[in-house]
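Engineer: Among the features that Swiss-Prot reports, signal peptide is placed at 1-19. The domain 'LCN-type CS-alpha/beta' annotation in Swiss-Prot covers 20-85. Residues annotated as disulfide bond in Swiss-Prot, with experimental evidence given as evidence: Cys31-Cys84, Cys35-Cys60, Cys44-Cys65, Cys48-Cys67.
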Amino acid sequence: MNSLLIITACLFLIGTVWAKEGYLVNKSTGCKYGCLKLGENEGCDKECKAKNQGGSYGYCYAFACWCEGLPESTPTYPLPNKSCSRK
């Protein structure tokens, strides 16, 4: 029983430490989600925690939304074979 508890705790820690992080990206344009208020940012935090993103925390860094605790399935900037195309 103790072994099972230790294994479960280790797997939890590995998942927490190795969680993905990066800039949120708009899949259709390939651009980062922009922001103006640097540091703690309610808009970035809300976007990062949205169901389709799945992050645990978001803030504004270098005028773009940076997310932590993202699942591997969430794309981050830069997208492969797609550059930011603002029109």
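Cβ from N, Cα, C; glycine included.
Computed from a predicted structure; not experimentally measured.
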Engineer: Spatially, and counting Cα to Cα, which of the disulfide-bonded residues is closest to Cys84 (disulfide bond)? Options: Cys44, Cys65, Cys67.
Structural biologist: Cys65
Engineer: Quick one: Cα separation, Cys65 (disulfide bond) versus Cys35 (disulfide bond), in Å?
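Structural biologist: Here the two Cα atoms are 6 Å apart.
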Engineer: Provide the number of Cβ atoms within 10 Å of the Cβ of Cys44 (disulfide bond), excluding the reference atom itself.
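Structural biologist: Step by step: centre on the Cβ of Cys44 (disulfide bond), count other Cβ atoms within 10 Å, giving 26.
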Engineer: Can you tell me which disulfide-bonded residues out of Cys31, Cys44, Cys67 are within 10 A of Cys60 (disulfide bond) by Cα, answering none if there aren't any?
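Structural biologist: Within 10 Å Cα-Cα: Cys44, Cys67.
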Engineer: For the disulfide-bonded residues listed here (Cys65, Cys84), tell me which residue's CB has the most neighbouring CB atoms inside 10 Å.
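Structural biologist: That would be Cys65, with the most Cβ atoms nearby.
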Engineer: Taking the Cα atoms as reference points, how far is Cys44 (disulfide bond) from Cys35 (disulfide bond) in Å?
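Structural biologist: Rounded to the nearest whole number, the Cα-Cα distance is 7 Å.
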Engineer: Could you break down the residues of the domain 'LCN-type CS-alpha/beta' (20-85) into DSSP helix, strand and coil, giving a count for each?
Structural biologist: 8 helix, 25 strand, 33 coil
Engineer: Could you state the CA-to-CA distance between Cys67 (disulfide bond) and Cys35 (disulfide bond) to the nearest Å?
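Structural biologist: So the Cα of Cys35 (disulfide bond) lies 13 Å away from that of Cys67 (disulfide bond).
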Engineer: Given a 10 Å Cβ-Cβ cut-off, pick out the one of the disulfide-bonded residues Cys31, Cys35, Cys48, Cys60, Cys67 that has the most other Cβ atoms nearby.
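Structural biologist: Sorting the candidates by Cβ neighbours within 10 Å, the top entry is Cys67.
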Engineer: Give the distance between the Cα atoms of Cys48 (disulfide bond) and Cys31 (disulfide bond), rounded to the nearest whole Å.
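Structural biologist: With distance taken Cα to Cα, Cys31 (disulfide bond) is 15 Å from Cys48 (disulfide bond).
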